[in-house]
Each structure stands twice: as structure tokens, then as C-alpha cells.
């Protein structure tokens, strides 16, 4: 077999692998967005009377549940490759699915704070102030913490900052899940 034939065959296999990866990323990336939207609307409908603390916990649970398709996306791609997947390929697939989820969460967060509940930053600040006042801190420490929370709300209480923060949180958690999933599912082709 000539060198050109080997290179052509290798290049062709790489193109097919990239096509399979794209299909997997689209399929599982979109599934993260659908799960996020469903859980967001459920939380919006049922979570109105929950405390901020409970909502925060449910928010992180929602993020983790939405990132579960990372594992299944990597596993699906592994199945399309005859049970073989490198850590690198698994990690790339996981990161790109996480990127879809992070962008989706950022958009949802922006829309929520900008249009659905523009009073959210002020409501959260009031919650923080109540928590500080209920704490065992002395009055000087309470005053300092309240001032810090108020300044932080002024500086970071915009829909854009909230969206950026949400993107970062989801992407970092997605990266962790991608690493764990890629390590768990990696399997080299037997020689």
C-alpha cells in the first residue's frame, strides 16, 4: 500500500470521526438545552414560594442534571467508534456539549433577570441583608457586610454579569464532568 493511500485512508477516517463528533455534539448539546428549559420553567412555576437558599440548591441540582448528557454523549460517540475512544476525543466532546449548556444557561439567566424578574438583584440583596441581620455578628461587622453586599449588588447586579457568571459556573462544572466521563469511558483500540 502506498503512502498516499495510507494518508488518504487515515484522513478519510478522521473526517468521518469529526462528522460523528459533530452529530453527537449537536444531539446531546441540544438535549442539555431542552432539559434546562424544562427545568427552568418548572422552577419558575413551582419555585415561587421557596427560599433563596432552597432555590440556590435546586439551581445547582438543575445544572448537574442538565450536564448528564455529557456522559451519554461521550458514551454514544464511543459506541460509534467500535467501543474505542481516547481521553482527548471524549474530553473534546464533553467540553463542546458543556459549552452548549453554558451558553443556554447564560441566555436563560439573562432573559430572566432582564425581562422576567428585573427586581431579582434587589430581592436577592434584601435576602442577603436579612441573613446578615439574623447572624451572630456584632453591629460593626453587620454594617460592614451589608455595605459589601450593597456595593457588590451595584457592581455585579446586572443581567449581563449574571449571564457571564452563570456561563462560567455551568462551563466549569461541565468541564469537571467531561474530565470524569472521558477518564471513565476512555478505551484505546487494541493493536
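Glycine is treated like the rest: Cβ placed from N, Cα and C.
Bear in mind that TrEMBL entries carry predicted annotations, made automatically and left uncurated.
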For this session: Check each of the ranges 95-115, 116-136 against TrEMBL and return the one annotated as transmembrane segment.
Result: 95-115
Exercise. TrEMBL lists transmembrane segment for one of the ranges 10-27, 28-45; which is that range?
Worked result: 28-45
Problem set entry | Stretch among 28-45, 57-74, 161-185 sharing the most Cβ pairs under 8 Å with the transmembrane segment (95-115) | 161-185
Exercise. Who are the long-range neighbours of the transmembrane segment (28-45) in its own chain, taking Cβ under 8 Å and residues 6 or more past its ends?
Worked result: 55, 58-59, 62, 65-70, 72-73, 76, 96-97, 99-101, 104-105, 108, 112, 116
Exercise. Against which stretches of its own chain does the transmembrane segment (57-74) lie, if we need a Cβ under 8 Å and a gap of at least six residues from its ends?
Worked result: 24-25, 27-29, 31-32, 35-36, 39-40, 43, 47, 50, 85, 90, 93-94, 97-98, 101, 105, 169-170, 173-174, 177-178, 181-182, 184-185
